[in-house]
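Here's what Swiss-Prot has on this protein:
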- Asn55: N-linked glycosylation site (CARBOHYD)
- Asn67: N-linked glycosylation site (CARBOHYD)
- Asn89: N-linked glycosylation site (CARBOHYD)
- Asn97: N-linked glycosylation site (CARBOHYD)
- 512-548: region 'Disordered' (REGION)
- 1-22: topological domain 'Cytoplasmic' (TOPO_DOM)
- 44-127: topological domain 'Extracellular' (TOPO_DOM)
- 149-158: topological domain 'Cytoplasmic' (TOPO_DOM)
- 180-189: topological domain 'Extracellular' (TOPO_DOM)
- 211-219: topological domain 'Cytoplasmic' (TOPO_DOM)
- 241-244: topological domain 'Extracellular' (TOPO_DOM)
- 266-337: topological domain 'Cytoplasmic' (TOPO_DOM)
- 359-366: topological domain 'Extracellular' (TOPO_DOM)
- 388-395: topological domain 'Cytoplasmic' (TOPO_DOM)
- 441-453: topological domain 'Cytoplasmic' (TOPO_DOM)
- 475-482: topological domain 'Extracellular' (TOPO_DOM)
- 504-548: topological domain 'Cytoplasmic' (TOPO_DOM)
- 23-43: transmembrane segment (TRANSMEM)
- 128-148: transmembrane segment (TRANSMEM)
- 159-179: transmembrane segment (TRANSMEM)
- 190-210: transmembrane segment (TRANSMEM)
- 220-240: transmembrane segment (TRANSMEM)
- 245-265: transmembrane segment (TRANSMEM)
- 338-358: transmembrane segment (TRANSMEM)
- 367-387: transmembrane segment (TRANSMEM)
- 396-416: transmembrane segment (TRANSMEM)
- 420-440: transmembrane segment (TRANSMEM)
- 454-474: transmembrane segment (TRANSMEM)
- 483-503: transmembrane segment (TRANSMEM)
Amino acid sequence: MGYDDVITHLGEFGPYQKRIYYLLCLPAIVCAFHKLAGVFLLAKPDFRCALPYENGSIYELSPHLWNLSYPENERCSYYDVDYTEEYLNGSIPRSSNETKTCSSYVYDRSKYLNSAVTEWNLVCSRSLLSATSDSLFMLGVLLGSLIFGQMSDKLGRKPTFFASLVLQLIFGVLAAVAPEYFSYTISRMIVGATTSGVFLVAYVIALEMVGSSYRLFAGVAMQMFFSVGFMLTAGFAYFIHDWRWLQIAITLPGLLFLCYYWIIPESARWLLMKGRKDEAFVIIEKAAKENKVEVPNEIYEQLVDEVAEKKKQDEMAASQPAATVFDLLRYPNLRRKTLLIFFDWFVNSGVYYGLSWNTNNLGGNQLVNFMISGAVEIPGYTLLLFTLNRWGRRSILCGTMMVAGISLLATIFVPSDMNWLIVACAMIGKLAITSSYGTIYIFSAEQFPTVVRNVGLGASSMVARVGGILAPYLKLLGEIWRPLPLIICGALSLTAGLLSLLLPETLNKPMPETIEDGENFGKKPAPQETAEEGGTQELSGMLNGKSG
């Protein structure tokens, strides 16, 4: 008897669960605002050096004046000459080819009235600061997953959700009024941390209250709400051209979720784990009433017994050495699978965010590119609902990553004047990597043994965040050669897809429970039976020696 059996009596996805679930999906939209708005907050418009004779700030110059003032393909310096009227009229030749570094800039404000880049001149020698700001935001996401993950397990899902939501509101506004780059970046980093508290905790509450047969749908559908937020971010940027007002606009919708304090319950599953059975039973009874079902009294009695038994098991487990990531790296087959999974997580996160933040470098309408990049995620996630339990996890993971790699690498051969085809290849890659990213969550959970599953998933998530932290620097490479970010993402995706063929399929296979199960899972049989038996006995001896 377990809590999943209680959900079976309540209805795996009854009216009560649906109401709470869809309310919990809405914060994913706001978290998408914060994660992706950096594309517009730190938008880099066309720019040039302000020339010594200029008093205005009009970006456009005639081709004649441009050739007289700037070296070819150079935006961060200008010719160090005497800009007299005769020189500008072309009456006298240029006296020197020496250049001078810019001290101020003129920006093309036809698309962006004001961004953090234009306000603090984050171009040329300071362009690295723009990518660093996004990178530190993703570092905040990593730290938030560690901090708020621990908080939600110890203090509860609901308090953690609202603590992170309040912090998100406060530091979202502080980022908008930041007087300089440093305070803006720190505020945004804290906002990044809170997205883990808001989104991931809501995700956990939602999945903990639905039945097992609906969890794939529930997990994928919540990701689709994130994709909706992705697209809506472009809508905000279309109407709001000043970065400070844009930051406020994406923050204020979070105020609506404060009313959830009186609507969203604590996770009954978590309450039972903590021995707070009376509070859990109140929530179960409320759900039963709304679902118009009755939960038999013996169910509650069995739950009480289970809670007592679980407490004993936890006390026994606490006396044993805690599982660590080194347990996954100790044995050859398990180590090989773990490193492959880590690489898949790194690539999926890096490529996903690399493509999401690179839409401004694709050419064409930047807002349209960004919106399409969010829209293609919907079919990417929908694909999983119809294929993941039919075709297998490995087939989907490898197939989607290879499709992403091939489509992105194909941009090498696309002529520069066929911009629509470059965008199309990039969006096919984005759709495919979205499907891959959704698959790796399930696939890796089924690869790790039960005794170290949480450790393995936590380590995988951290490796993924490293990919996200590095992703903002990819778009800087587009200044060297525009297709370069797509080529790097494509090469990584194709490599990871091919290497994933070395992982065993997990569909309809029992998940490994012990370290020994994990080591043997997917291992090729030895050529001789005696060799196989000897290897198994040796491994068992190693494991028994470790546990002793």
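Backbone N, Cα and C define each Cβ position, glycine as well.
What you see is a predicted model, and the numbers here were worked out from it, not measured in a lab.
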Given the glycosylation sites Asn55, Asn67, Asn89, state which is nearest to Asn97 (N-linked glycosylation site) when distance is taken between Cα atoms. Asn67
Top stretch by Cβ pairs under 8 Å to the transmembrane segment (454-474) (candidates 128-148, 190-210, 220-240, 338-358, 367-387) is 338-358
What stretch, picked from 220-240, 245-265, 396-416, 483-503, has the most CB pairs under 8 A with the transmembrane segment (338-358)? 483-503
Going by DSSP assignments with H, G and I as helix and E and B as strand, what are the residue counts for the topological domain 'Cytoplasmic' (266-337)? 53 helix, 0 strand, 19 coil
The most crowded of the glycosylation sites Asn55, Asn97, judged by neighbouring Cβ atoms within 10 Å of its own Cβ, is Asn97
Contact set of the transmembrane segment (483-503) with the rest of its chain, CB cutoff 8 A exclusive, min separation 6+ beyond the ends, reads 336-337, 340-341, 343-344, 347-348, 350-351, 354-355, 358, 361, 394, 397-402, 404-412, 414, 422, 425-426, 429, 432-433, 436, 443, 447, 474-475, 477, 522
What else in the chain is close to the topological domain 'Extracellular' (475-482), if you only count residues 6 or more beyond its ends and a Cβ gap under 8 Å? 127-128, 131, 354, 357-358, 360-361, 363, 416, 488
Contact check, the transmembrane segment (245-265) vs the transmembrane segment (420-440), 3+ Cβ pairs under 8 Å, seq sep 6+: no
Counting only pairs 6 or more apart in sequence, are there at least 3 Cβ pairs under 8 Å between the transmembrane segment (128-148) and the transmembrane segment (190-210)? yes
Thinking of Cβ pairs under 8 Å, which stretch from 159-179, 220-240, 396-416, 420-440 has the most of them with the transmembrane segment (23-43)? 220-240
